[in-house]
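K.L.:
One structure, pasted below without further comment.
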Amino acid sequence: MEDRLVGCRLSEEDVDEVSLRPRKFGEYIGQTKVKENLMVFIEAAKKRNEALDHVLLYGPPGLGKTTLAGIIASELGVNLRITSGPAIEKPGDLAAILTNLGNFDVLFIDEIHRLNRSVEEILYPAMEDYALDIIIGKGPSARSIRLDLPKFTLIGATTRAGLLTSPLRDRFGVINKLELYSVEELGQIVKRSARILNVGIEDEAAEEIARRARGTPRVANRILKRIRDFAQVKSDGFITKEIARTGLEALEVDEIGLDAVDRNLLMSIIEKFGGGPVGLDTLAATIGEEPDTIEDVYEPYLLQLGFINKTPRGRMATKLAYEHFGLKYE
């Protein structure tokens with residue numbers, strides 16, 4: 001169900017998202033404190049002629065973790081190698097990647113919490129000592145040799161920082177949480193993306209899209225592209241507030257960015273479970289979703305809105321959620 005318009009996961013439709021990504025900190029909107037700190041750390045590393053400390057970026061999907069990794073590599077003036085936790089199946093895969101890095105290069109591992117344990121253990125000496133421990137032979141004659149690696153920077157990204165093991169988490173010198181974006185920041189992102197796409201847009205239309213983008217740049221850019229279609233077919237190609245509203249209504253994205261999936265989740269809690277509490281697994285089975293997807297994709301925005309509460313006994317719909325649907329809160 002993550003092919004929905006306001007889904008935060010990267011989809012095939014987002015393959016051209018790269019063209020909209022900022023390449024320098026000067027182009028990057030939002031995450032001000034994270035950005036300012038990273039600029040200091042990068043400048044210090046360059047002055048000392050050292051590799052930047054390993055960086056962990058965590059937070060909901062679609063907030064720009066991959067984009068930040070690209071900017072860090074660009075600002076350092078080094079190469080960026082991108083992979084993901086599930087793609088590194090065995091220690092040899094990681095060893096091949098590490099030995100092909102250049103000095104001070106950046107290795108970006110998305111979904112780093114999904115690394116298997118044997119691969120993760122290879123990372124420990126690589127991160128700490130820039131070395132690779134390799135076992136040669138088997139049984140009593142087996143011996144370990146240590147290979148020196150280039151001094152590199154690992155940037156790990158995850159939506160689930162709590163699933164990282166302590167030994168891995170403790171080896172990151174820089175740990176940053178990315179927060180959902182404000183409407184004002186998203187409005188700036190929409191206008192910047194519109195310029196890149198050569199689409200004219202009113203300030204009020206950009207704000208309309210931003211208000212319904214769930215605090216997420218990826219969602220804002222995806223909505224912008226669909227509204228561009230409506231402007232092209234229904235009008236002269238220029239996005240007005242009226243065109244934006246017409247398109248968003250047709251796409252069933254409401255005034256605060258909820259779509260049919262969100263409404264189904266909230267109404268299930270309200271109607272089927274009396275407002276809650278309801279356990280995560282039970283709720284997931286009811287709406288046909290995975291528990292992880294509810295936690296990582298749907299809940300961050302609903303929590304930010306104050307529409308649900310997480311309690312030890314399960315999820316509960318709040319008074320604000322009832323009021324949004326015009327229901328009486330009891």
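Counting starts with 1 at the first residue shown.
Each Cβ is built from the backbone N, Cα and C atoms, and glycine gets one as well.
So Swiss-Prot has the following annotated:
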- 1-181: region 'Large ATPase domain (RuvB-L)' (REGION)
- Leu20, Arg21, Gly62, Lys65, Thr66, Thr67, Glu128, Asp129, Tyr130, Arg171, Tyr181, Arg218: ATP binding site (BINDING)
- Thr66: Mg(2+) binding site (BINDING)
- 182-252: region 'Small ATPAse domain (RuvB-S)' (REGION)
- 255-330: region 'Head domain (RuvB-H)' (REGION)
- Lys310, Arg315: DNA binding site (BINDING)
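For each feature listed, report its degree of burial, its nearest neighbours and the pertinent distances within the displayed model.
P.N.:
The local packing around Leu20 (ATP binding site), expressed as other Cβ atoms within 10 Å of its Cβ over all shown chains, amounts to 20.
Around the Cβ of Thr66 (ATP binding site), the number of neighbouring Cβ atoms within 10 Å comes to 20. According to its DSSP assignment, Thr66 (ATP binding site) is helical.
When pLDDT is averaged over the region 'Small ATPAse domain (RuvB-S)' (182-252), the result is 94.
The Cβ of Arg315 (DNA binding site) has Ile269, Gly276, Pro277, Val278, Gly279, Leu280, Leu283, Ile308, Asn309 as same-chain neighbours under 8 Å, each 6 or more residues away in sequence.
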K.L.:
List the Cα distance (Å, whole number) between Gly62 (ATP binding site) and Lys310 (DNA binding site).
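P.N.:
So the Cα of Lys310 (DNA binding site) lies 22 Å away from that of Gly62 (ATP binding site).
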K.L.:
Report, in whole Å, the straight Cα-to-Cα distance of Tyr181 (ATP binding site) from Lys310 (DNA binding site).
P.N.:
22
K.L.:
Tell me the residue counts in helix, strand and coil for the region 'Head domain (RuvB-H)' (255-330), as DSSP assigns them.
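P.N.:
Here the numbers are 42 helix, 9 strand, 25 coil.
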K.L.:
For the region 'Small ATPAse domain (RuvB-S)' (182-252), give the DSSP counts of helix residues, strand residues and coil residues.
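P.N.:
Tallying H, G and I as helix, E and B as strand, the rest coil: 51 helix, 2 strand, 18 coil.
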